[in-house]
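Enquirer: Pulled from TrEMBL, these are the listed features:
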type	residues	note
COMPBIAS	972-987	compositional bias 'Low complexity'
COMPBIAS	998-1012	compositional bias 'Basic residues'
DOMAIN	485-659	domain 'GAIN-B'
DOMAIN	668-922	domain 'G-protein coupled receptors family 2 profile 2'
REGION	965-1012	region 'Disordered'
TRANSMEM	670-693	transmembrane segment
TRANSMEM	705-724	transmembrane segment
TRANSMEM	730-754	transmembrane segment
TRANSMEM	774-796	transmembrane segment
TRANSMEM	826-850	transmembrane segment
TRANSMEM	871-893	transmembrane segment
TRANSMEM	899-920	transmembrane segment
Amino acid sequence: MCSLTDLYWFSLVGPMNESLWGRKVDFMQYKCTYWQLARSIALPTLREFSVCVDLQRVISTPQWTVFMYSHPGRPDMEIGLEGNNDSLSIRLFGKKWTSKFKFQLNVWYSVCVTWSAFELTPHLYVNGTAVAVNFTGSELQTLTDYQIAANGYLTLGVSHFIHNGEVHDVSGTDFQGSLTLFRMWSEKLPVSPVKYCVDGDMVRWNTVDWITHDCAPVPDDRLHFFRVDLTVSLTGSAVNAEQEINAWVSHATLTISCHTSRFQVQATTSYSIDQTIDQIHNALEVPYTNGSITLDAEPEGILVSHINPGQCQREQHQSRWGLFVWPKTRAVHTASYPCEGDSNRTAKRKCLLATNHKAHWAVPDLQQCPVVVATIPDLDDIEVTTENAKDVLDMIDSLLSNHSDLNDKELVTIVTKLGAVVHISPVTPALGKVIVEILSDILETDSNFQPITNNILQITESIGDRLSSFPGESISLVAPGLAISAVNVNPDQFHNLTFGVSPSNAGEGPEVYINKDPFACMVAFISLPPSLRDSFPSGHGVQPRVQFQFFGTPALFEDGRRDKILNTFVVSASVTNATGPIQNLKQPVEVTLLHLQDKPPENDVLCVFWNFNKENNHGGLGSWDPTGCSLNNTSHHYTTCLCDHLTHFGVLLDLSRTPVDKTNERILTIISYVGCGVSSVFLGVTVLTYTAFEKLRRDYPSKILLNLALALEGLNLVFLLNSWLSSFGFPVLCMAVAVTMHYFLLASFTWMGLEAVNMYFALVKVFNVYVPSYILKFCALGWGIPLIICGLVLVVRREAYGTAPYSSSLEPSDDMFCWVQDDVTFYVSVVGYILLVLLCNSAVFLVVLVQLRNMRLNRPAGTCSDLRKDLRGVASLTFLLGLTWVVALFAWGPVKVPLLYTFSILNSLQGFFLFVFYCLMKENVRKQWRVHLCFGRFRLQDYSEWSQTATVPARTKPSQTLKFPSVKSVRSNKSSTTESTSASSDSSQREVSIKRPNLGKKRRTRRGTKVV
């Protein structure tokens, strides 16, 4: 007796990756003429044979050939199957037998031909049924002396002739349709349905046996799978029961010993599913005998059912051997893809049929491909996506296996990729476990961790925050040097929560204990007080979560101090989605840590936390800080600390991101809202002024200023309404607000950049250049570029827009704000774009200063400069070009808070300052106000001569001085040529004579403009 289960029968002979079962040759393909039997497959001399093939005709032709076998030494065709219109004929030794069976178009038929030298006539079977054939020549006496010649040539889909040892196809004999499952046996077999599922013993249906002549096989839609459950009996003694069963399978008769087993059968036939089930059932009823054993299955013990495994879905696979995009592939088929490092080589991957009857990908076969990612720095060229996140982790894990230490560049590369994986991909327990193990491997190397300490801590924090889809209320991810635990808590039932760690067992990682009393073997223990409940998120549907972290590598927290050393491991605690920074707790957090070295009585102990923003002795950020922590008690082996906040704790160590204090935070918020409100009002006045008075917007600078004011007005209004709109809690509304604010911010900086471009044309370009539709093109750029960027973000990563706590310190707060939440999107589409514009604007600003200096040097004697007006011009350009935003780049370290105040004041009031410099202090604007808005003695009669500053050549004064320039591009009333002139942003009007030849057909003129 034997017991075997889950035996899979695919009805294939030969390696899976060579099989063509489930694929066909479609001769309707372009340049698909015929297949030829490989010369490595040599047929022996035969006195009997069996041939089977499945065929489907698509187009009716007078003559067509299914297959032909010939030998150069014989003039007649040895074996052949050919047709005439819709009838089929057998060719044997140059003789012909025809049938009256009619082959319809677009219908599959299974055709078999058998012959023996002891019979006068070959036999034809169509779909398992014998079909009569008639000899068409003179009377046939015998075929006893005939035999099939060895080492001949066989072709599919066409007749052929041999010339000089080469095969040539015969035109007009092409088979217009598809063929599959061509097989040949060296004996005359009884044709039964089961033979349609057995490969040949001389010619097989696989890639090794055939030369395709660039006519690649295609999937056969008739491939079906069946599940077989049966109970069989074994009689006799079998040395190797599995071998006997495989022998039975190869004979297409499935049996197994007296136990219920499950099989999966692949069948490619022309029968219906029900007919195929009957065929399999009937085949299994036939007993199998092999001398010493007999396998038999009762009919009632055989159950056959049809299954649909589907396809292996398209999958992108990133590995050290390159990027592979595996296409959709049917079950039991093999996909191929060129190697990235050598396109002449091919990688393969099988689509298997799993025990659950579904198709799934096997491990790729990449042995032929050269390694592409050979070193850790090679990872820099790989972008982390949701699809390849797991693959990137596999590559990092593989690369780390050969490193005992890592340099700074390698550490930064790995940590950057891990951070990208955590923020881009959903963090499942399996993915989180892999990341934790990789981090543990890194911490076990002899490397300098100081540059990446903060990054590692942020990654572990993100893992605990984003961890999802785990069973129960808590989960722990443990590795030898690191442990992370996440606990989902019920605020109404929260009274206390503890986290303890005991030493690792046999390198498997530390033991983690949740809500257990401390015991002697623990190396770290932390107890959270009931007052922590006040910091839990209160929003509907938001699950409060507390996470703990344990770090078993003190070298990670090296801050360069020499007077103190870290003498414990490090633990941390935090609350996901907390309502605000967890500090000044009513009841302290109690932390107990085991000393790594016994503490002498004379040594002092300092309880500390890790401050992300504190400068260390290496010149970087991240150091220990005792603020908020105090020593409770200490002994020879343990120290207990009390802290009023949550973070990473240790004796001489604590890890926390220090925010701006609440007082400064509130003041900065008030400044921002008041400044934006004031700017909104005065920007509105500016827009109305330049819109209502047509004379003010005749020149290009005024039109550009109007567009800039509109963009800033939109930005300020959306900013003011943002928190109120986000409070409704509608994700779609919040996304719309975030997109709108993003758009107006980019539009504002785009128009600031266009101001600089216009200024560049005026001051740097000595000659006038014809630019048709000047302002129209500026509008297309000013409003179009931000639209394209926001559109791309919505298409590529729309989830980047959302709700987040509003706080200038980037810490959680009560006010929610709709904005760009994804770090990559923010730094690329916001920070990167703004930096690019500011860089260009700064360059133009420097050019202006150089021009001013040169003009001063060239002033005639006796001309005195007005420093106050020059400074006023510098200030106006600073706001016009948005250079005040540069302050944000220097808001770090001890000057962070003062610069944040400077930044908030200057930039929230940018719109107000534009109104002051470009409305209130411009004489022509004030005159238009007096003409149209004032009454009585304050009203000014219509003043038209002012317009000559833009359109009428002024009188040239050789001794005229030029004050600080800004840009005004003016257009001649008589020509479409764009002429750039210099104009001042101060309130006085001075004439400038600038000699610029016109490159068009007009004669050279001298233009004079007033500087406004």
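Heads up, the Cβ atoms here are built off N, Cα and C, so glycines get one too.
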Enquirer: Establish whether the number of Cβ pairs under 8 Å between the transmembrane segment (774-796) and the transmembrane segment (705-724) reaches at least three, counting only pairs separated by 6 or more residues.
Expert: yes
Enquirer: Tally Cβ pairs under 8 Å between the transmembrane segment (670-693) and each listed stretch (730-754, 826-850, 899-920), then give the stretch with the top tally.
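Expert: Ranked by Cβ pairs under 8 Å, first place goes to 899-920.
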Enquirer: Quick check for me: are there 3+ Cβ pairs below 8 Å between the transmembrane segment (899-920) and the transmembrane segment (705-724), leaving out pairs under 6 residues apart?
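Expert: Contact between the transmembrane segment (705-724) and the transmembrane segment (899-920): present, because at least 3 Cβ pairs are under 8 Å.
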Enquirer: Residue list, the transmembrane segment (705-724) vs rest of chain: Cβ under 8 Å, 6 or more residues beyond ends.
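Expert: Contacts with the transmembrane segment (705-724): 672-673, 676-677, 679-680, 683-684, 686-687, 690-691, 697, 737, 740-741, 743-745, 747-748, 750-752, 754-755, 778-779, 782-783, 806, 815-819, 880, 910-911, 914, 918.
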